[in-house]
Amino acid sequence: MKVKKHRFPGVYIVIDDDGSEKIATKNLVPGQRVYGERVVKFEGEEYRIWNPTRSKLGAAILNGLKNFPIKPGSTVLYLGVASGTTASHVSDIVGWEGKVFGVEFSPRVLRELVPLVEERRNIVPILGDATKPEGYRALVPKVDVIFEDVAQPTQAKILIDNAKVYLKSGGYGMISVKSRSIDVTKEPEQVFKEVEKELSTYFEVVERLSLEPYEKDHALFVVRKP
């Protein structure tokens, strides 16, 4: 087994003895597993395998994502942080110089994040409603990237509203869109076109990528604030 750097800073490729490749992040808190993921050691460093079936962002990278604005030192607002599966990999990437502000609506789900953030001090858990971005203004500064994984019909509007308050000029948004959460009666492609049109009223749409086969009827959009 060996590990090499991915073209995205902070992401790695683990090459198993059988030649198969997986993506991973260097564990910011060695010894800590977050969601039962496989952990490997190579040349004195510990890497956490990024499971694409458990993480939309992981699926996007494996599917050939071209634009990945989350980098070492980035400040990220994560909407729909849940119990921290993807956020833990984002935490690994941004490192101690970066910060992940994780907004979650459900108190029960956010409680699951508490043990994680006790050691990962670069994740700030926030109980809040992503549809009301003013509600966490006292806690969140201007950020480099907003990542949204909120399965709601208004998810494009949620990203726009949060970007108006928190995203730096020239900053990036990433949004995982589940077509069935927006309109179950329409074909996914039609929904994605409508979302892209709505996003383009405020952002420059940089990229759109299907998350099949890892996530059915999902697409990831990367957008840039002018």
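From the backbone N, Cα and C atoms, a Cβ is placed for every residue, glycine too.
All chains included, 26 other C-beta atoms sit within 10 angstroms of the C-beta of E104 (S-adenosyl-L-methionine binding site). Per Swiss-Prot, S-adenosyl-L-methionine binding site is recorded for T85, T86, E104, F105, D129, A130, D149, V150, A151, Q152, and the stated evidence type is sequence analysis.
Take the binding-site residues D129, D149: by the count of other Cβ atoms within 10 Å of each Cβ, the lowest one is D129. For the binding-site residues shown (T85, A151), fewest C-beta neighbours within 10 angstroms: A151.
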